[in-house]
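**Student:** Here it is, the structure, as structure tokens.
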Amino acid sequence: MARFFQPKKKTQLETKHQSVLVERMDHNGAGIAYQKNKPVFIDGALPGEKVVIQLTESKSKFSRAKLIKLLQPSELRLKPFCKHFNQCGGCHLQHLGYSSQVEHKSQSLTHLMSKYQTANTEVALPIVGDESGYRRRARISLFVDKKTQLLQFGFRKKQSKQIENITDCAVLDPRLNVLLPKLKSLLNTFSSLTSLGHVELVLGDTGPVMVLRHLKPLVEKDEQALMTLMTLAKEEGATLYSMPETDKLVRLVGDAPSYSETGVTLPFEPNHFIQVNQKVNQQMVAQAIEWLEPQADERVLDLFCGLGNFSLPIAQQSAFVVGVEGVDEMVQQATANAALNQLSNTEFYQANLEEDLSSQLWAKEKFDKVLLDPARAGASGIVDQISALGAKRVVYVSCNPATLARDSESLEKQGYQLAKLGMLDMFPHTSHLESMALFIKA
């Protein structure tokens, strides 16, 4: 007997306004209320608040809702300091006092890692920096408005591909922030606006760095606009690059950028990864060294080493450091950085850290200690191989507590115990949190 496809009936979404009591916050900073034991996630709502909501999504196990009105605001609620707060997708916790943000993130981390904590696990004090003006890096999106034919200049709106026009960002370092209105005005003088891709801003010790990504070669009549941009860079003591292709940078004005970290100098290209928050990064590196306790006669392995942000400061402690990174260009830069700082007790290798490493020459050696600093996806490809490397101590620096928790299970199975755990607030006023965990072989 033939069966005919019958589409499932769509659940009728209840769109009328409802009042609810917010009981807690989730790890992403959304308020959680309950209706018939089903959680309702409400962006912008705080625990203890009575709010009016409108459902925007209803699933079998949860719902999402839009905050319509505050009936009873929390005493922890503050007026956001940025006029773009409700539109820009960058910050989403400015309505919560900063100390409460730090407390919430710390609690979220310990909750996610509770399975691996013992009575002996030490929870370190959170590492924090400045509440505003902390970002030393930003990518400015560019888009031509079809109606006005003017360049839209700013950041993506919340849950949208549209751009919120911004010429003043409170979390951007003031030395970069001051460039925004000047750049927007100048870029609008280009005749071929649709050929402009984005602007990358980075701050090094040598000053601001500006990168203009253009999708097509600039036409001849835009040469004058480019010359004006070069003049602006000189006036601001900035370095200016053009980026005609994804992997090609052309330095037009200024010196090659670098930053200093715990006594070492790290030159970098503006397309290289560096931590956004310099003050938190400095404390993070210092804490990693303190937890690792590198000794002069030990071998330390730094996985996902990048430019040498951890490797070179550790090498200054006289330990022999082997850094491994997936991107060959970064390996070359780390090697050059070690030579610049006269650190001969280092070696750097390129390797795919998602594959079996037993065939790698460097992996055939034993290591006393290991540091991992993976991307958000975590270190699932290599974490199962840590014990085979012989490490007694492992410091795991994570930008995603969910993958840290997942990888902790593997380390626990290999005989490591969670000795220390700490939260690092690299991105104030967002729900993103960095963390550091120390595992010691039992």
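Note that Cβ sites are derived from N, Cα and C of the backbone, with glycine treated the same way.
As the structure is a computational prediction, the values presented were derived from the model and not from experiment.
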**Student:** GLN275, PHE304, ASN309, GLU325, ASN352 bind S-adenosyl-L-methionine according to Swiss-Prot; which of ASP247, ASP255, ASP373 goes with them?
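**Tutor:** So, going by the record in Swiss-Prot, that would be ASP373.
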**Student:** Other Cβ atoms within 10 Å is the metric here; tell me which of the binding-site residues GLN275, ASN309, ASN352 scores highest.
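**Tutor:** Within the set of binding-site residues, the most crowded position is ASN309.
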**Student:** Nearest to CYS88 ([4Fe-4S] cluster binding site) in three-dimensional space, by Cα, is which of the recorded positions ASN352, ASP373, CYS399?
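**Tutor:** Out of the listed candidates, the nearest Cα belongs to CYS399.
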**Student:** So how far apart do the S-adenosyl-L-methionine binders GLN275, PHE304, ASN309, GLU325, ASN352, ASP373 get, largest Cα to Cα in Å?
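**Tutor:** The widest Cα-Cα gap among those binding residues is 22 Å.
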**Student:** Of the recorded positions CYS82, CYS91, CYS169, CYS399, which sits closest to ASP373 (S-adenosyl-L-methionine binding site) by Cα distance?
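**Tutor:** That would be CYS399, nearest by Cα distance.
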**Student:** In sequence order, which residues at least six apart in the same chain have a CB under 8 Å from the CB of GLU325 (S-adenosyl-L-methionine binding site)?
**Tutor:** PHE304, CYS305, GLY306, VAL331, ALA334, PHE348, TYR349, GLN350, ALA351
**Student:** So for CYS91 ([4Fe-4S] cluster binding site), how many other CB atoms are inside 10 Å of its CB?
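**Tutor:** If we count other Cβ atoms within 10 Å of CYS91 ([4Fe-4S] cluster binding site), we arrive at 21.
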